[in-house]
Amino acid sequence: MDEPPFSEAALEQALGEPCDLDAALLTDIEDMLQLINNQDSDFPGLFDPPYAGSGAGGTDPASPDTSSPGSLSPPPATLSSSLEAFLSGPQAAPSPLSPPQPAPTPLKMYPSMPAFSPGPGIKEESVPLSILQTPTPQPLPGALLPQSFPAPAPPQFSSTPVLGYPSPPGGFSTGSPPGNTQQPLPGLPLASPPGVPPVSLHTQVQSVVPQQLLTVTAAPTAAPVTTTVTSQIQQVPVLLQPHFIKADSLLLTAMKTDGATVKAAGLSPLVSGTTVQTGPLPTLVSGGTILATVPLVVDAEKLPINRLAAGSKAPASAQSRGEKRTAHNAIEKRYRSSINDKIIELKDLVVGTEAKLNKSAVLRKAIDYIRFLQHSNQKLKQENLSLRTAVHKSKSLKDLVSACGSGGNTDVLMEGVKTEVEDTLTPPPSDAGSPFQSSPLSLGSRGSGSGGSGSDSEPDSPVFEDSKAKPEQRPSLHSRGMLDRSRLALCTLVFLCLSCNPLASLLGARGLPSPSDTTSVYHSPGRNVLGTESRDGPGWAQWLLPPVVWLLNGLLVLVSLVLLFVYGEPVTRPHSGPAVYFWRHRKQADLDLARGDFAQAAQQLWLALRALGRPLPTSHLDLACSLLWNLIRHLLQRLWVGRWLAGRAGGLQQDCALRVDASASARDAALVYHKLHQLHTMGKHTGGHLTATNLALSALNLAECAGDAVSVATLAEIYVAAALRVKTSLPRALHFLTRFFLSSARQACLAQSGSVPPAMQWLCHPVGHRFFVDGDWSVLSTPWESLYSLAGNPVDPLAQVTQLFREHLLERALNCVTQPNPSPGSADGDKEFSDALGYLQLLNSCSDAAGAPAYSFSISSSMATTTGVDPVAKWWASLTAVVIHWLRRDEEAAERLCPLVEHLPRVLQESERPLPRAALHSFKAARALLGCAKAESGPASLTICEKASGYLQDSLATTPASSSIDKAVQLFLCDLLLVVRTSLWRQQQPPAPAPAAQGTSSRPQASALELRGFQRDLSSLRRLAQSFRPAMRRVFLHEATARLMAGASPTRTHQLLDRSLRRRAGPGGKGGAVAELEPRPTRREHAEALLLASCYLPPGFLSAPGQRVGMLAEAARTLEKLGDRRLLHDCQQMLMRLGGGTTVTSS
């Protein structure tokens, strides 16, 4: 089989393929290639004399000198010395060569005969030597070096086989015709001189697993002699062509037939136990062809190629090979350790130190992160490029910030940037007629019609990937909308056209005949005669002109309304650039609201409105224009014209998707306006009353235009916020608009859902409506901290108004009990307790629908959908209801509410004010004496009363300038404690009736402990009456009771009771002052005074004998109307006692 030419390219190609050799084998191959390439310096004087011949020719193989027989086995010394001399000769200078000729056909290679029997473990390899012949001697130029060799004693070749190796038939030729020279193979670095047939040495190694044959360029280098062949051969220059064989072992052989020695360099492996048999080399010379077999030892392990060294340095070479492998292993270990450390460091940078990933996953994550950084860097470069281009346009800093901050103009700006960048970075064509070619510096290719890259292999520039990948995100022309100044200017123009009516003037001026038409003048040489006026004027124009003018005016108004409401409204399509900016700022506003950063939340909401194409006014002119436009728009929407046109915002075509997007855009803008209005009302957003009014009207108009996209609760809340703004910002003369907006909210709820949201049901109640419209209250910027209700959402003003209304209900209920209507003939006198229970029931419903403390700060949520329970207000309502039920002697209803009052809410427990604890202990004392569980009567109830009295005194001492509701609660608790102590004293009275003949001294007095406690509570009541005048009525009654308990003089007691029995008014102008200093007693106080006077005063203080029974009967009738069954029961018991002793008294 023909062998390919031997070159370095073939070697590199073979080395590039996968193999089982390790890095040491590749290193040795590179070292050997370096030795081969540097053959000039390694073997100086190879072709110097005395080996150089005449230079023109050599010994002809066909001459008689070369055909004489001779011995084939010269002495070994001669052969060895001849080979050394041949290898040490210098290289001759190259001579000009002729052009190359066609390559000769080499002779076939035949295996050797099996006469040689190698030992075990040794394989036999045949090395046939074939002489390549060519007809004409034409060497290659620059590739072959002519050599000349000396002609020693010519040995004779024998045609008979040597050493039992028969000559294969027709296989070898040993000579060439006279005068012919041989041409070496092209590509060989070393060639025979002209006239000398080159001999190629073919080595074939058989192995168990066939490997790829590696061939390298051979240099005349030889290892120490391992095999010596003694033969008597002819002096024939032999082309040494050793072959590197990639197999289980590697062999490099070189032979030279110079009549002296033949050297075979075998590269033995470093593996211990590898032996090479050094015996006589079986050689067959037949017709000038040398066939040699070399026994080799093939090892199954990997065998590195050793450096060529002398035979005497074999131990040192083996030692260096071991040191080299050790060093190589250390290098590999350091290399792998460095790789592992860098991979671990890369993992820590990309995914963190806690993650557990393999090397492949770490590299994959790193690649993804690098791509993300590249994409981010590209976006930043694009933004930087856009900013630089905007700066080059000589824009001011304000315009630049506004252009970059507005989401709607970002894409338009980038389009202009892209065009300018392409024009800047793309050089012009060389001439006008040449086609446009994309420059390598250009960011995008315009040569392609599709806008892609100029070539198929080059991708588009990543600067404009976003604009190419998402072309649908560019905002359309109608989505930008009109500014409020433009809207107001258009409205002003329409108003001027309708008021001045320029169309009528214009058409009327054209319709009237001109003077040249009415009067004609005839010129003649003599006289000028005036023509007569034409009386046949166009009468039809007078009737047709007004309808045409009004038709044109109506068309102008219609076109203006369409421009304002249909094509002037900004519509933000989903997944567009402005929509992305809007939701980004809105989500950030939600986060800022949750953190309590209200100023930053207001800034984010402002940017969100800019993204929607609805920027807030920044100057006074813009604010005035925006406010006037919103007023005009609200009036038009009340006429249903504006609302019908706004429902078709974006276009008059029947596009359902566009209408849905327009409604959603209006809803989002309305919610943002509403939240900004709430922040402004709570003092979290800067601006005056005009700014707040503008925000309220904008939210209301857009919410009405959104239609079904806005929930009923949200729409009602926006109406209530507008009513709140009217009451807060507008003068009192315009407060009637509050009723209008509240009515609109109620109608909106009832028309769509049929029910009012729970958080706004109190607005539909007459009491709540009256409180909202006529109440004297104001919204504070800080949450209202109170003991009687919890604060709601701090950014919702309606939650604060609801909290104020709950406290108002509690105060009204307390006033019904402690200070009812003083008019004796009032129709409401018998409804004091029922009115109080009605207020408390409304308070409970408001407490159940109040905003929970864990409110939601989302812009889309509202108090209308977020409900909770106010436990504090509910506890106070339950306490007041329990006391009222005890006074009405409705013990079953009181017991149902007692479990709610027994446990004080956590907020009141953590409070430092003693008033809640005083209320709790007062309830416990009243329950022990007035309730069903009367087992704790006596000393235990007195102990509870003492605790309650102590907390009440602390409350009066710590809060001298308390609010009206605090004073009402303190009066309620103080009166309750005095009633409990009075009931305890009455229970200790004997059951016998009080005869009229007995004096007060005969009645049992209260103990010192009871009197001391009663005086303590009475002093608290006097202290409260100094700042709260309605408490003075109770002071007179309880002071008379204290004198009765102590058995004091009845004269002073009668005077105190007389203040409650007689209703005196001041004379004339002093009546108001007297009424202010001494409040008129209520009907309950009058009945209580009658009961005390008839029961405990001596008979001498009564005017008639039957007056006691009459007083008791009158007191019973009054208490029955009031519904105080407790005192009514005591009065009836006294009447029964007096009925048995009437005869004694009258007699």
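In case you wondered, yes, glycine gets a Cβ from its N, Cα and C as well.
Straight from Swiss-Prot, the features:
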MOTIF     27-35  motif '9aaTAD'
MOD_RES   S98  phosphoserine
MOD_RES   S117  phosphoserine
MOD_RES   S337  phosphoserine
MOD_RES   S338  phosphoserine
REGION    373-394  region 'Leucine-zipper'
MOD_RES   S396  phosphoserine
MOD_RES   S402  phosphoserine
MOD_RES   S457  phosphoserine
TRANSMEM  488-508  transmembrane segment
TRANSMEM  548-568  transmembrane segment
MOD_RES   S1060  phosphoserine
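The residues of the region 'Leucine-zipper' (373-394), classed with DSSP into helix (H, G, I), strand (E, B) and coil, number 20 helix, 0 strand, 2 coil.
Over all protein chains present, the Cβ of S338 (phosphoserine) has 10 other Cβ atoms lying within 10 Å. Under the DSSP three-state reduction, S338 (phosphoserine) is assigned to helix. In this structure, of the modified residues S337, S1060, the smallest number of CB atoms within 10 A of the CB marks S337. A distance of 104 Å separates the Cα atom of S338 (phosphoserine) from that of S1060 (phosphoserine). Confidence across the motif '9aaTAD' (27-35), taken as the mean pLDDT and rounded to a whole number, stands at 67. Separation of the C-alpha atoms of S1060 (phosphoserine) and S337 (phosphoserine): 104 Å, rounded to the nearest whole number.
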